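Now, the feature entries from TrEMBL:
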BINDING   G88, D89, L90, V91, R111  substrate binding site
BINDING   D112  Mg(2+) binding site
Amino acid sequence: MNYMIEALNLIEANKISSTEIGDVLGKTGQIEGVHALNQGMFKAGEVKVVYAINNSNYEVHKQLAEGDGFKDKILFIYNVNCDRAIFGDLVSKYIMLYKRAKAIVVNGKLRDAHTLIKEKYPIWLEDVSPIGCVNHINGPEIDSSLLAEIKEKYDSSIMVCDDSGVVMIPKDKINEKLITKLQFIEFQEDIWFYCVDTLKMSTYDTVCLKKYLEGDLLDKKLLDKLAEFQS
């Protein structure tokens with residue numbers, strides 16, 4: 001089984017949210033400080049990472065021009081020492097239209113916010129700014145060990161992006177156990193809302209005490225699987 005494809009099929013078919021993915025990962029995985037630029041979007045995909053460094057976007061341009069494998073990937077721009085907007089409308093259009101990426105995630109700032117919003121690009125970022133990076137080399141090259149660390153951590157991981165932010169599933173967790181948890185996270189949510197809305201149980205009894213695991217509320221096979229998921 002290709003666990004990457006299977007996981008993405010489950011996430012996309014069921015629109016499993018970043019919140020639910022965070023639960024699957026034990027309340028971990030958030031890309032800190034990153035939020036959606038445009039509301040109401042949902043993207044999930046394999047990650048391809050490039051970096052920006054020293055308040056310059058020169059390296060971003062170069063990596064996009066010389067690299068491949070961006071199609072249908074979530075492009076993560078990893079920020080190294082950039083407090084200005086890394087790029088804006090032109091590069092975003094190039095990434096989405098010509099490199100055919102699925103979405104853009106950047107742990108930094110972008111510019112041309114009015115156009116990025118108007119075009120409804122699927123972008124998640126820390127902030128916007130009118131002041132952009134320069135387009136030439138602006139300092140020392142990235143340390144080779146840091147670059148290797150960035151690529152090892154982010155390339156071929158999965159990111160799930162929505163209005164709550166971005167959560168990353170590390171590639172070492174893309175396995176059979178993940179598939180099992182994804183298959184039941186939606187069912188657990190359905191059970192919780194059923195308990196509160198229909199059975200009028202308190203959230204304390206439902207979420208904390210999990211009283212729905214007692215008695216004959218659910219089929220025993222489903223109870224056993226839920227208990228396994230929650231263990």
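Cβ from N, Cα, C; glycine included.
Unlike curated entries, TrEMBL annotations are predicted automatically.
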Most crowded position, judged by CB atoms within 10 A, among L90, V91 as binding-site residues: V91
Using all protein chains shown, find which of the binding-site residues D89, D112 scores highest when you count other CB atoms within 10 A of its CB. D112
Specify the count of other C-beta atoms within 10 Å of the C-beta of G88 (substrate binding site). 21
Determine the C-alpha span of the substrate site listed in the record, that is the greatest distance between any two of G88, D89, L90, V91, R111, in Å to the nearest whole number. 10
Between V91 (substrate binding site) and D112 (Mg(2+) binding site), how far is it from one CA atom to the other, in Å? 11
R111 (substrate binding site), Cβ-centred 10 Å count of other Cβ atoms over all protein chains shown, is 21
Taking the mean position of the Cβ atoms of G88, D89, L90, V91, R111 as the substrate site, which residues outside that list, in the same chain, have a Cβ no more than 8 Å away, listed in sequence order? F87, S92, K93, L110, D112, T115, L116, G132
Could you state the whole-number distance in Å separating the C-alpha atoms of G88 (substrate binding site) and the residue listed as 'Mg(2+) binding site'? 5
